[in-house]
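Asker: Dumping what Swiss-Prot says about this protein:
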BINDING   47, 181  Mg(2+) binding site
COMPBIAS  7-21  compositional bias 'Basic and acidic residues'
DOMAIN    32-353  domain 'G-alpha'
REGION    1-21  region 'Disordered'
REGION    35-48  region 'G1 motif'
REGION    173-181  region 'G2 motif'
REGION    265-272  region 'G4 motif'
REGION    323-328  region 'G5 motif'
């Protein structure tokens, strides 16, 4: 009997070699692959950052993709006006012009999800008229007392364009659209030699138990905080301040055994709304130890220190940026800085620096 390999053995050897080669390819790919986990409480701006990545690194949205945002934008706009009108009832704020009642009924007759390529003219007219009413404006000023989308004013101010028969969502319309994230969404994009896999997980409390599946081999965490929400309560629990919830969540993530060696990039987001709110809603009412009045720089420093001081690991670096997630120019600049940080962290983890 000869000493040559049987066909079966040859096939087995070929399979083993293929597996070895695949493992080598995987190891090489992992070195150039960045797994980034987006964390933060609900409505902190995580999904907006993902949309920015598409605009900055993937050539933006096609016409068909923009079309698909129409119904979301219509629904966000109508729902926001409905929320204000309901709040007017509970806060006992009357319409200045009672003739507006006809428009109120038009809004309440709309379904939760607006379908179709065009916003019905009577709905656009109702929103435009109601938004000019002083009673509606007064209720809007008190929006910290109820749950209103950040995008409400933007869509109301642009309602004539949004309600036009030939309306096509622009970048800003898309960035400000809101759909609650449930489960885990993954976005992949390439910057230079690196492939980024960015995971967005639902921020509401009920979604957090699902985060565990994203924890393994994460290169970095991008943690978002909506600092403008210092005077607001949670959607899920209206006894809890949103900023306090963000601090609690950041503490648990920053000091978790899962993330001892993971770099954390902290985006203190929604600085535009924060700056608007400070003179109107004193931060000291919600954080009694704050002494900076309505000084924007002092308020930013206070919030930054509240978060960074939670870090219990001397060797752990937290990189911080103040951001406006809907500002593409600023996010492009900030993400370039983040990319530099990640490259350095990657080289350190590989033992190359």
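Backbone N, Cα and C define each Cβ position, glycine as well.
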Asker: Sequence-remote contacts (6 or more beyond its ends) of the compositional bias 'Basic and acidic residues' (7-21), Cβ cut-off under 8 Å?
Answerer: none
Asker: Residue counts in helix (H, G, I), strand (E, B) and coil for the region 'G1 motif' (35-48), per DSSP?
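Answerer: Helix/strand/coil tally for the region 'G1 motif' (35-48): 3 helix, 6 strand, 5 coil.
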Asker: Taking the Cβ of residue 47 (Mg(2+) binding site) as reference, which residues of that chain separated by at least 6 in sequence fall under 8 Å from it?
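Answerer: Residue 47 (Mg(2+) binding site) has long-range Cβ partners 178, 179, 181, 185, 200.
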Asker: Quickly jot the same-chain residues contacting the region 'G5 motif' (323-328) by Cβ under 8 Å, restricted to those at least six beyond its ends, or write none.
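Answerer: Cβ under 8 Å, 6 or more out: 45, 48-49, 52, 55-56, 171-172, 175-176, 224, 267-272, 334.
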Asker: Please spell out the DSSP helix, strand and coil residue counts for the region 'G4 motif' (265-272).
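Answerer: In the region 'G4 motif' (265-272), the DSSP-based counts are 2 helix, 5 strand, 1 coil.
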Asker: 10 Å Cβ neighbour count around residue 181 (Mg(2+) binding site)?
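Answerer: Residue 181 (Mg(2+) binding site) is surrounded by 19 other Cβ atoms within 10 Å.
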Asker: What does DSSP say about residue 181 (Mg(2+) binding site): helix, strand or coil?
Answerer: coil
Asker: Which value does the mean pLDDT take for the domain 'G-alpha' (32-353) in this predicted structure?
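Answerer: Summing pLDDT over the domain 'G-alpha' (32-353) and dividing by its length gives 91.
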